[in-house]
Amino acid sequence: MKSYQAVVLLNRQVSKRYWHMIIDTTKLNSPVDPGQFFHIRCSDNQSPFLRRPLSVYKVNDNTIEFLYLVKGLGTKEMSFIEENETIDIMGPLGEGFHLESTARTILLVARGVGVATLAALAQAAYFQGTHCVVILSARTNEDLLAADFLKGFGADVYSVTEEEGTSAVENVKGLIVNEIFEKFKIDNIYTCGSKRLSRLAQEVAETYDIPGEIALEEHMGCAMGACFACVSDIKEEGIVKSVRVCIEGPVFPLRKVLL
Amino acid sequence: MKTQLKTEVNIGSLSLKNPIMPASGAFGLEMEKAIDFNQLGALVPKSITKLSQPGNVKPRVCETIAGMINSIGIQSKGLDHYLEVSVPAFARYNVPLIASVSAESVEEFVEMSSILGNHPNIDALELNISCPNLKGDGKAFGMDPYITEDLISKSKRVANVPVIAKLTPNVTSIQEIAIAAERGGADGLTVANTLLAMAIDVETRKPLIGNVMGGLSGPAIKPIIVRMIYQVAKVCSIPIIGCGGVMSGKDALEMIIAGAKAVQIGTASFINPTAITDIITEIHTYMDAHQINNINDLVGSVEI
């Protein structure tokens, strides 16, 4: 769990709001699973003060990649980091996704920067021969930037946006039930990035009895399980339990999470 | 030959091999993966409540300049779980275990002090009379000198280990409360806890903390805490444990020079997971460089 300095190999703006960072992880002596995250120090100054959790977007032999949305002070600072500078990272942290080796086709439902978390899963699925069907939801067409990345891993990508008036939950439900389910037999559903879409994924998973997982996002303090800042409620055997997203998650069974 | 540095300090009858320990709100067993607990002066796990409680609404933390506000609200699994699971797990380390106690009433503090203060694996109690996140709009037991004295003296009577009072900085005169705690028989004073604070998002006009207000920690509060240590040291003769905004060995030494015998590290661990052990190393380096053989020689050595 120790933090260490990693060299930034690339840190580039890829759309109006999104940035792509690649860091050298040669020194990292630990496998990284899709859904896991790194706790990143955004600058050496005391503002922004806290680290930021960023889930892995792509895992390579000696590098990992992040896709991040420049939203607040921390990610803004991150965007100023130049190539060959070092960045203080802690990780990999948390419980990642579970990808069944028998799964033939999985459905990923991602909204906004949630795609960064699910893209790593699409990559892992590709390498084990599991086909991915992806619903990408975003504000604008420009924000659908991971579509090509996902298609590169053989995924069938369906895009919905506010810009085109296709991203309403009812539309997405129709897309899943009338189009995707007609074409593919989905073995598992995974989601990240939107409460409304996650609720939909939960409803569909329950109706059609498909197991699923969700990656949750929360404000974090320590990311080590000590501070209890990033809690979320899940239901197990009829009992509501408060769990820590950083250590017991960020990935949880979809049916257990109270959204 | 290098002289052996003496870093041992005492809080009442409790002997610590060095003055650095975690602050309760920012420490848990999970940190075993980041640091060697055997290097610490003491272990101070998160405050324990009698019954399990869920904590406050989200968001529970937000960032401020050089600090953070939290309103965790002592999420706890309750006393039984603490005794069955946490205490045996911490007892594996050869380091004193200080149980931080939070309660809803004086009677409950006394009841818990009686149980925890007579447990073979608990070496001291830190009575958290200062948490600002509980009921009553941030009010704490430790804002009233009479309640403080009564609570400490009653707990002290039933506990067989040193009793430390964790004071709140959210008072007009911390000396008044410190004197009351000393009069109640406290063996030590933790100075202090987080400062009641609030932050607002100007775009949404909503507070950044779900509970509206929370406790400010981090380097932003350190000068205030150093001032309070200095003030309390002038009026009390029992040991002080400094707590609030320490990020480095230099910060910890500043508190020691102001009058603290020991120092707790909280939020720093969120930024640097090995902050506590790094600070211990930095103190050794300082002592070596300044030819200070005994850390106790530094306590309260501020030159005015």
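Cβ atoms are placed via backbone N, Cα and C, with glycine included.
From a predicted model like this one, the values you see are computed outputs, not experimental measurements.
What TrEMBL lists as active site, nucleophile is B:Cys131. The FMN binding site annotation in TrEMBL covers B:Ser24, B:Lys46, B:Ser47, B:Asn128, B:Lys166, B:Gly218, B:Gly244, B:Gly245, B:Gly266, B:Thr267. For B:Lys46, B:Asn70, B:Ser71, B:Ile72, B:Gly73, B:Ile74, B:Asn128, B:Asn193, B:Thr194, the entry in TrEMBL reads substrate binding site. Look at TrEMBL and you will find B:8-287 tagged as domain 'Dihydroorotate dehydrogenase catalytic'.
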Tertiary neighbours of B:Ser47 (FMN binding site) (same chain, Cβ under 8 Å, six or more apart)
B:Ser24, B:Gly25, B:Ile74, B:Ser76, B:Ser100, B:Val101, B:Ser102, B:Asn128, B:Cys131
Hey, does DSSP put B:Asn128 (substrate binding site) in a helix, a strand, or just coil?
strand
Restricting to the domain 'Dihydroorotate dehydrogenase catalytic' (B:8-287), report the mean pLDDT as a whole number.
95
Which number gives the other C-beta atoms within 10 angstroms of the C-beta of B:Ser71 (substrate binding site), all protein chains shown included?
26
Simplified to three states, DSSP reports B:Lys46 (substrate binding site) as coil
Show me the subset of B:Lys46, B:Ser71, B:Gly73 whose Cα is within 10 Å of B:Gly244 (FMN binding site); these are the binding-site residues I mean.
none
Among B:Lys46, B:Asn70, B:Ser71, B:Ile72, B:Gly73, B:Ile74, B:Asn128, B:Asn193, B:Thr194, the record's substrate binders - longest CA distance, Å:
16
Between the binding-site residues B:Lys46, B:Lys166, whose Cβ has more other Cβ atoms within 10 Å than any of the rest?
B:Lys166
Across all protein chains shown, the binding-site residues B:Gly73, B:Gly266 give the max Cβ-within-10 Å count at B:Gly266
Rounding to whole Å, the Cα atoms of B:Lys46 (substrate binding site) and B:Gly266 (FMN binding site) are apart by 11
Return only the integer: C-alpha distance in Å from B:Thr194 (substrate binding site) to B:Gly266 (FMN binding site).
10
Give me the CA-CA distance between B:Lys166 (FMN binding site) and B:Ser71 (substrate binding site), in Å, as a whole number.
17
Let me know how many other Cβ atoms fall within 10 Å of the Cβ of B:Gly244 (FMN binding site).
32
According to DSSP, does B:Lys166 (FMN binding site) fall in a helix, a strand, or coil?
strand
B:Ser24 (FMN binding site) - helix vs strand vs coil (DSSP):
helix
